[in-house]
């Protein structure tokens, strides 16, 4: 059995190595020293510019040369103090881009005119983290370059920088900028567009396709579940701990039953690590967890439900460094969803309120 598994894996690696070359998964661009991305990590050749509709790497090189370095400094300090904040910032970019596009609509606070913005929607409240880091980065940028750097770009930079910090620099990359901030934020939109952890594979594929992301992007971006924590309610309500109905590894299920109440409530909904092996490191361990059925969500387990996605899981699990390269590319692609540029939007003075 072990020999068969090894031979299967080698066959998959051989076939996917060719595919990866054809799809451009070679050396992926990192920020160059002159792009203002801030430091600490190697800086190979940047990605081609412009990238996305109206976006470009180094967008602030002249208007605010230290913009990316300022954001990276704030993120680095926050993640060093609490790695969970880094996971929150990666998730924030995903939750922003899937609703209204990447326009910082997730940052807007409730007002008399709009009592239910995105951040108060169940997918975001109370679990979404990192708002204070965005506030700190914006304050520093306003002091250096007033009215120049959009909150949407700060969210994108912060997601990139959190990835770099949590991966030890292995998932660092150039992030195109030039986004404008949106004026609309509605809690119902978050419910309509953010795929819940209970989704099956078909539902996930449809949700990602609606945002211009393909099956490969789905598998790669799911790997972000290698960091962060989840409320018990996110996986207990769809029967993941039910031994007769779930394919979860019995050992993990037994451990979670000790940590989670049978019926979580708002007052009693603990959190658990999404990846118990390397909970504070952005790496490919997630895919090994998927193969071993040591994952929390129905949406994670769903990646083994088709030959295409299962093969991608195997390759990401066992080819060193490949997932980090693909993750960088997928993050840039996701950060280009339905962006607002030029006169289509604004640069907020305060990320929590429209001007």
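We count from 1, first residue shown onward.
Cβ coordinates are placed from backbone N, Cα and C, and glycine is handled just like the others.
The signal peptide annotation in TrEMBL covers 1-22.
Summarising the annotation, TrEMBL assigns disulfide bond to 64-145 (among others).
Residue density at residue 91 (site 'Transition state stabilizer'): 22 other Cβ atoms are found within 10 A of its Cβ, drawing on all protein chains shown. Annotation comment: TrEMBL describes 91 as site 'Transition state stabilizer'.
Residue 95 (active site, proton acceptor) is surrounded by 23 other CB atoms, counting those within 10 A of its CB over all protein chains shown. Residues or ranges marked as active site, proton acceptor by TrEMBL: 95.
TrEMBL lists 96, 99, 101, 103, 105, 118 with the feature Ca(2+) 1 binding site. Within 10 Å of the C-beta of residue 101 (Ca(2+) 1 binding site) we count 19 further C-beta atoms, all protein chains included.
In sequence order, 211, 334, 335, 337, 338 are the residues near residue 97 (disulfide bond), counting only same-chain partners six or more apart with C-beta under 8 A. Marked as disulfide bond by TrEMBL: 97-102 (among others).
What TrEMBL lists as disulfide bond is 151-351 (among others). The Cβ of residue 351 (disulfide bond) lies under 8 Å from the Cβ of 104, 107, 134, 135, 138, 151, 154, 181, each of these being in the same chain and 6 or more residues away along the sequence.
Taken from TrEMBL, the feature substrate binding site covers 195.
Look at TrEMBL and you will find 226, 275, 278, 283 tagged as Ca(2+) 2 binding site. All protein chains included, residue 278 (Ca(2+) 2 binding site) registers 17 other Cβ atoms within 10 Å of its own Cβ.
The annotation disulfide bond is assigned in TrEMBL to 232-260 (among others). For residue 260 (disulfide bond), other Cβ atoms within 10 Å of its Cβ number 22.
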Message = Cα-Cα, whole number of Å: residue 275 (Ca(2+) 2 binding site) versus residue 101 (Ca(2+) 1 binding site)?
response = 28
Remark   = Fewest C-beta neighbours within 10 angstroms among the binding-site residues 103, 118, 275 belongs to 275
Count of other CB atoms lying within 10 Å of the CB belonging to residue 151 (disulfide bond) = 30
Message = Quick check for the class: what is the C-alpha distance, in angstrom and rounded, between residue 103 (Ca(2+) 1 binding site) and residue 195 (substrate binding site)?
response = 19
Task = Starting from the Cβ of residue 145 (disulfide bond), draw a 10 Å sphere and report how many other Cβ atoms land inside it.
result = 16
Ask   = Where among the recorded positions 64, 99, 102, 232 do you find the Cβ with the fewest other Cβ atoms within 10 Å?
value = 64
Among 96, 105, 195, 226, the one of these binding-site residues whose Cβ has the fewest neighbouring Cβ atoms within 10 Å = 195
